[in-house]
């Protein structure tokens, strides 16, 4: 999972104006980087130009996904990521960046601004921080921890059982389980195994 580009643009009446952008092109060869950066800048501007105000969209371009959010105040943002990167995290990043940008940069400067004149330096740190969606996004982090816990729990249950022993056999042998509990276990086991392929 990788983020390649994070851009902030102003959607004008005829074209989009790039205000600030940052790129992580380390996965491309040195000789490709300038061409790739130009392509990403062009694509970001084109997507913002063609997006309606107040809209969010994800556009597939080859093996990349371009996530765009254009606010009602004509401020737009684009994240270019690989197809594995979670889109929900991209839109969270765009929300955060555009809110922060609109607080720090006066809206009067948006139509005529350029990367050289706009004083906003947080894009690099946001792109670096969001490279790992699990660390950057609380929801993704909780999901990863939950998946880890399920794996540990499953492994713990397997290790509790002795070699060759099955949970079904233990339930049958148990003196502490009542007949009703044993019947419940068998019924649940049958219902859960109805979809298994033999």
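Glycine is no exception: its Cβ is also placed from the backbone N, Cα and C atoms.
Database features, via Swiss-Prot:
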- 8-131: domain 'Longin' (DOMAIN)
- 138-198: domain 'v-SNARE coiled-coil homology' (DOMAIN)
- 194: S-palmitoyl cysteine (LIPID)
- 195: cysteine methyl ester (MOD_RES)
- 195: S-farnesyl cysteine (LIPID)
Residue distribution over DSSP helix, strand and coil in the domain 'Longin' (8-131): 46 helix, 34 strand, 44 coil
Per-residue pLDDT averaged over the domain 'v-SNARE coiled-coil homology' (138-198), given as an integer: 60
